[in-house]
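**Q** Per Swiss-Prot, the feature ATP binding site maps to GLY8, ASP9, VAL10, GLY11, GLY12, THR13.
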Amino acid sequence: MIKYALVGDVGGTNARLALCDIASGEISQAKTYSGLDYPSLEAVIRVYLEEHKVEVKDGCIAIACPITGDWVAMTNHTWAFSIAEMKKNLGFSHLEIINDFTAVSMAIPMLKKEHLIQFGGAEPVEGKPIAVYGAGTGLGVAHLVHVDKRWVSLPGEGGHVDFAPNSEEEAIILEILRAEIGHVSAERVLSGPGLVNLYRAIVKADNRLPENLKPKDITERALADSCTDCRRALSLFCVIMGRFGGNLALNLGTFGGVFIAGGIVPRFLEFFKASGFRAAFEDKGRFKEYVHDIPVYLIVHDNPGLLGSGAHLRQTLGHIL
């Protein structure tokens, strides 16, 4: 008989839940719920388990916020809870709550070739560190290392490091944004809102008034080639993505690969392929040769958060990935 665990990927808007075959790691019965419709994460879990008529005793939920102890308060949602209390209330034997990019990083060992698109570099070196980052509502970052037959995810808040410009245009962008918001983190330019910031700064640098555009508007106009400012913003976004990825590669010597997750880049894949991304990734001065062979991959799996939550839980329960 198949033994299932509950896995989840919870953001500021939606909660996506599924079942994970503990033996194989296969994900099934995925369903998305609007977080606005439920008073708590526990309530959503109860509805899911009732709808699917399944009893589970183990679970792992990935959440888009820092996890530093038993009390979890979501960054972009009103939900807050005690992990120990929810585990007890649900009657679980084991409940893990992890950061969303911890989950994405743990998905990487489970991905197949068809789940990845490579952007330059050579083959990954087995056993070497891995970096993963992705732009969405914010900028998520994690690293992954292999130690004693176990994968260890190194989460953090790397999206909030300083934005480090390396061209005259980028320096002007920094100056304009710093005057508006003070500290300018990488997330302020590498995210959905960050794309808007880039567009606004480009227009303001020319002493013009920017339109009130959303990230989707900027992307659509750039791809249609109907707005020079939007196209410049999207091009610059790709370049800064490259610079940031190259920095991650240098930090930990990620010869196991640098992986891009998140929902933004797949929306303009062909544009991204033709952009200055890879050149910027390798633009490291004296260390250009060092990063030259490090491969970069775009993750195109539908649910890396669910896959990684399952992988994390299975490893915690003693399985070798």
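Just so it is clear, glycine is given a Cβ too, placed from its N, Cα and C backbone atoms.
It should be emphasised that the depicted structure is a prediction, and the values quoted were computed from it without experimental measurement.
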**Q** What residues, ordered by sequence, lie under 8 A Cβ-to-Cβ from GLY11 (ATP binding site) and sit at least six positions away in the same chain?
**A** GLY35, ALA64, ASN76, ASP100, THR137
**Q** According to DSSP, folded down to helix, strand and coil, what is THR13 (ATP binding site)?
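**A** The three-state answer is coil.
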**Q** Using CB atoms and a 10 A radius, I'd like the single residue among the binding-site residues GLY8, GLY12 with the highest neighbour count.
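**A** Answer by Cβ density within 10 Å: GLY8.
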**Q** Around the ATP site (GLY8, ASP9, VAL10, GLY11, GLY12, THR13), what further same-chain residues have their C-beta within 8 angstroms of the site's C-beta centre?
**A** ASN14, ALA15, ARG16, GLY35, ALA62, ILE63, ALA64, HIS77, ASP100
**Q** Below 8 Å Cβ to Cβ and six or more residues apart, same chain only. Which residues does that give for THR13 (ATP binding site)?
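**A** Set apart from THR13 (ATP binding site) by at least 6 residues yet with Cβ under 8 Å, we have SER34, GLY35, LEU36, ASN76.
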